[in-house]
């Protein structure tokens, strides 16, 4: 236990006849000569698995119970470890969630990657097209708190149904927005999709923790996040292919946009039906002892407000909120403005702009999986976080100063390197947040991380977009580089905080 987390332990001996406290804080039988030990444990999820095994030895000190009473007790109350089981259904749950998260992410980026085409089609400015992406971030910030409350009180199934259902509704609304004078309809549809996103982004850590075993959690979380990133990748790739730039033929452009919108709506409908059939709140038996000792629903004295307050009193989590927000917000901004960056230096290369975005995200997906596997086997969160942050900064610098090299092949390579580290950081932040805030709800910590990411994404996208349009992409990218460097300082402070605590413990 001492190797896993800092423990503040106080020991006092009240003398013979002192009450022995049970694992839940309840007063047990009085046992002569037993000293009372109280421990305040740092909230790491690795701890309950070990602690549960230790606590199960406590009932052996109690007097023997009559056979009828012993049979009526739960296994954990009889000193037996909780029964755990891994179900194959967990893979279906993860797959369905990842797929409808994919479609939602696709709908986020499908306008931005061909911003010049949609701006011409609807007769609006690039700034208005940027808002079709920014609205995802704006909607998330005020709605994440009720969405997290819903996840805590109504469970995974209700939240998943809302996410998949609203995603489906928004997709069908877009089918009604095909027409040069119907920009307001497509904006309204995008608002509905952005609300659906609120019920999607906070679920990866919840699905991973309640359905997967201890050695699978980080990989499952990375895979769930991967679905969203794959949606961004497809959003970069397909729209330039399905909707080529045909300024001389608006009718053909309308037809191509219709194909993209109706195809998205059909897939969203199928995934909503599968969500209804497959996704449940949790398996019949917990996947780990850590989950077994947690209540299946909030207790009567649970306070969502108190949980939020506890998280904001957690100094390491505050540092993580800022550093995660900077990195993820930078990714949102670069993704949204990628088309404008490429077109500024390589006119008429809409298709290659999409392919560069695909390269950026696919490389990031590989980084996400590798980081998830690495964390599952090493649990070196603080070191991995700092290293990935530094490499992301280097990748952003190289991308910034080679963008106007005149060679698209160089841009493909630098974008891939940037995506590998920048996107690879996303599951690290999720899992690190859950680790340092245990036993607070995974949905609450993940929701706050995403809320900060959206806030930074809004600010970065608007400012970088303004700098890109008024000056040139180089200025906007240097702005992002400066903020990522600030994130490195925050992450380094975060790591030193943990190193100091571990030193004090030793």
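Every residue gets a Cβ built from N, Cα and C, even glycine.
TrEMBL does not curate its annotations; it predicts them automatically.
The domain 'Major facilitator superfamily (MFS) profile' annotation in TrEMBL covers 93-504.
What TrEMBL lists as transmembrane segment is 91-111 (among others).
Outside the transmembrane segment (131-151) by six or more residues, the chain places 108-109, 111-112, 118, 158-159, 162, 186-187, 190-191, 193-195, 197-199, 201-203, 206, 304, 308, 332, 336, 441, 443-444, 447-448, 450-451, 454-455, 457-458, 461-462 with a CB less than 8 A from a CB of the stretch. The annotation transmembrane segment is assigned in TrEMBL to 131-151 (among others).
If one looks beyond the transmembrane segment (182-205) by at least 6 residues along the same chain, the residues whose Cβ comes under 8 Å of a Cβ in the stretch are 97, 100-101, 104, 107-108, 111, 122-124, 128, 131-132, 135-136, 138-140, 143-144, 147-148, 150-151, 156, 159-160, 162-167, 169-171, 173-174, 176, 220-221, 224-225, 228, 427, 430-431, 433-434, 442-443, 445-447, 450. Taken from TrEMBL, the feature transmembrane segment covers 182-205 (among others).
Summarising the annotation, TrEMBL assigns transmembrane segment to 217-239 (among others).
Annotation comment: TrEMBL describes 259-279 (among others) as transmembrane segment.
Same-chain residues lying 6 or more positions outside the transmembrane segment (317-335) and placing a CB less than 8 Å from one of its CB atoms are 109, 112, 133, 137, 232, 236, 311, 357, 360-361, 385, 389, 392, 396, 418, 422-423, 425-426, 429, 432-433, 436-437, 445, 448-450, 452-461, 464-465, 477, 480, 483-484, 486-487, 490-491, 493-494, 497. According to TrEMBL, the feature transmembrane segment maps to 317-335 (among others).
As annotated by TrEMBL, transmembrane segment applies to 355-376 (among others). Residues 109, 113, 215-223, 225-226, 229-230, 232-237, 334-335, 338, 342, 384, 388, 408, 411-412, 415-428, 431 of the same chain lie 6 or more positions beyond the ends of the transmembrane segment (355-376) yet place their CB under 8 Å from a CB of it.
As annotated by TrEMBL, transmembrane segment applies to 383-401 (among others). Outside the transmembrane segment (383-401), and at least 6 residues removed from its termini, the chain residues within Cβ reach (under 8 Å) are 323, 327, 330, 367, 371, 374-375, 411, 414-415, 417-418, 420-422, 424-425, 428-429, 432, 474, 477-478, 480-481, 484-485, 487-488, 491-492, 494-495.
Residues annotated as transmembrane segment in TrEMBL: 407-426 (among others).
Annotation source TrEMBL lists transmembrane segment at 447-465 (among others). Using a Cβ-Cβ cut-off under 8 Å and counting only residues 6 or more beyond its ends in the same chain, the transmembrane segment (447-465) has close neighbours at 126-127, 130, 133-134, 136-138, 140-141, 144-145, 147-148, 151, 201-202, 308, 311, 320-322, 324-326, 328-330, 332-334, 336-337, 340, 429-430, 433, 476-477, 479-480, 483.
Annotation source TrEMBL lists transmembrane segment at 477-499 (among others).
Tallying C-beta pairs under 8 angstroms between the transmembrane segment (407-426) and each of 91-111, 217-239, 259-279 places 217-239 first. With a threshold of 8 Å between CB atoms, the same-chain residues lying at least 6 positions outside the transmembrane segment (217-239) that come near it are 45, 90, 94, 97-99, 101-111, 113-114, 200-201, 203-205, 207-209, 211, 260, 335, 338, 354-358, 360-362, 364-365, 368-369, 371-373, 375-376, 423, 426-427, 430-431.
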